[in-house]
């Protein structure tokens with residue numbers, strides 16, 4: 001029992017080490033890796049090589065698939081190029097399996113020692129995250145060594161030998177057991193390594209070992225499909241395409257397993273080494289052979305998995321990929337893109353408000369719906385960011401986290417203000433058959449145009465972080481305040497002139513001017529986050 005527990009803990013350590021490496025690499029190079037993958041989709045060979053390279057760096061084909069799935073879900077990458085990258089990722093993880101199974105036991109303690117020093121010394125810095133990567137690589141090498149040590153006494157048990165002795169000849173059964181190994185161990189690498197160890201110990205024959213390796217590859221595809229079972233349609237298509245490629249490859253090669261085993265058995269290499277090399281070359285040949293069929297596979301996956309029909313017209317979160325939460329760079333980018341959707345909805349609300357001011361009360365219902373949509377998106381962003389490990393974020397990531405929270409909150413508050421403004425216009429002006437004066441309406445239109453321009457510039461500053469645009473936004477905010485004050489005085493002058501329309505709508509008119517000032521402050525606050533300096537006039541603004 002203790003021996004079995006040692007094996008399970010070693011496999012768990014391998015999975016955890018892979019997770020640590022992936023997290024560290026994504027936090028240091030996440031943005032660059034996203035750029036590499038997004039730019040590589042134009043040509044199949046480039047996309048294939050990008051999948052290999054990124055997977056070799058992050059030590060996990062699942063991590064590469066996660067990035068690609070995120071792009072597909074956001075319509076940044078088509079399904080066919082994404083499948084090419086995933087095929088490259090399969091080759092990359094097989095190559096890393098070969099490298100990691102070399103005798104690198106001396107390197108494990110060195111990597112862990114140096115990694116801990118860097119990670120604890122400068123946890124939030126780039127060096128600290130590279131230390132995390134070193135710890136993860138050290139744990140992977142240590143786990144591989146522990147797996148070999150734990151398997152040895154297990155293979156000597158009579159009961160185990162009887163069980164594995166039954167794996168003789170039924171290639172489909174052997175492949176299914178290999179798939180089960182991969183699913184249980186949560187890692188095709190662990191399953192392949194276990195197979196190689198059993199082969200070296202003489203517990204299983206070489207043909208059975210090849211079947212188990214083929215099954216382990218199939219199991220990794222099943223595992224990805226299970227992990228994405230609750231994801232959106234785009235993510236499930238990527239996982240389905242990867243699984244079908246592995247299934248087709250398995251069905252093609254399984255009938256020739258005994259012939260391959262006989263041919264490879266003539267090589268003067270240990271059987272365990274041959275198992276590892278078969279794993280590498282099988283994936284390489286399979287993936288290269290499947291490249292010409294990615295377009296038909298993409299069409300087939302779209303036919304099998306269709307987009308879910310929207311049961312209601314309410315806006316729903318689109319970019320908040322839960323699988324990206326362990327990768328702050330990617331998660332923050334997702335949240336920022338969702339915040340831009342709030343900005344788009346806010347623009348629609350501003351346009352609707354202008355129509356209400358010009359006597360279209362039917363827009364009020366649409367504005368209430370948009371306000372509800374913005375509240376849904378804001379709540380989703382808030383809960384999404386709350387699930388991120390904030391204490392592990394680097395300084396720049398923490399600042400971006402706060403910017404996204406602040407911007408989404410400001411837009412949500414602005415939507416409430418616009419909804420209230422439209423309701424007051426409908427109640428106090430349209431329902432009472434009272435109209436703004438001609439000059440007053442022109443002034444409100446001018447403020448509206450300036451406010452809409454500031455909103456668009458604010459969303460650009462929020463997304464790009466451009467300092468020049470932030471300074472321009474700050475100046476525009478000040479000009480709006482001056483213009484608002486001038487129009488307030490102009491309205492009072494019309495009251496002194498006994499303008500009947502101005503007198504009838506005075507309370508509403510001044511209230512709208514104050515609300516527009518609050519909206520302007522909410523929109524333009526992002527400028528100070530980018531400039532990182534307080535506004536000396538900020539205390540005089542109304543919020």
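Just so you know, glycine gets a Cβ as well, placed from its N, Cα and C.
Here Swiss-Prot flags 1-21 (among others) as transmembrane segment, drawing on sequence analysis.
The annotation transmembrane segment is assigned in Swiss-Prot to 48-68 (among others) on the grounds of sequence analysis.
Per Swiss-Prot, the feature transmembrane segment maps to 76-96 (among others). Below 8 angstroms of C-beta separation, residues 37-38, 40-42, 44, 47-56, 59-61, 64-65, 68-69, 188-189, 217, 234, 237-238, 241-242, 245-246, 279-280, 282-284, 286-287, 290-291, 294-295, 297-298, 301-302 of the same chain, each at least six residues beyond the ends of the transmembrane segment (76-96), sit close to that stretch.
For the transmembrane segment (99-119), the list of distant contacts is 127-142, 144-145, 189, 193, 196, 276: same-chain residues at least six beyond its ends, Cβ to Cβ under 8 Å. Per Swiss-Prot, transmembrane segment is recorded for 99-119 (among others).
Residues annotated as transmembrane segment in Swiss-Prot: 134-154 (among others). When Cβ-Cβ distances below 8 Å are used as the criterion, the transmembrane segment (134-154) is approached by residues 3-4, 6-7, 9-11, 13-14, 16-24, 59, 100-101, 104-105, 107-116, 118-119, 160, 190, 193-194, 197-198, 201 of the same chain, each at least six residues removed from its ends.
As annotated by Swiss-Prot, transmembrane segment applies to 175-195 (among others).
Positions annotated as transmembrane segment by Swiss-Prot: 196-216 (among others).
For 240-260 (among others), the entry in Swiss-Prot reads transmembrane segment. The list of residues near the transmembrane segment (240-260) in space but at least 6 beyond its ends in sequence, with Cβ under 8 angstroms from a Cβ of it, reads 65, 79, 83, 86-87, 90, 171-172, 175, 207, 210-211, 214-215, 217-218, 220-222, 224-225, 278, 282, 286-287, 289-290, 294, 297-298, 300-301, 304-305.
Annotation source Swiss-Prot lists transmembrane segment at 274-294 (among others).
Residues 44, 48, 80-81, 83-84, 87-88, 90-91, 93-95, 97-98, 101, 192, 195-196, 199, 206, 209-210, 213-214, 217, 241, 245-246, 248-249, 253, 260, 264-265, 267 of the same chain lie 6 or more positions beyond the ends of the transmembrane segment (274-294) yet place their CB under 8 Å from a CB of it.
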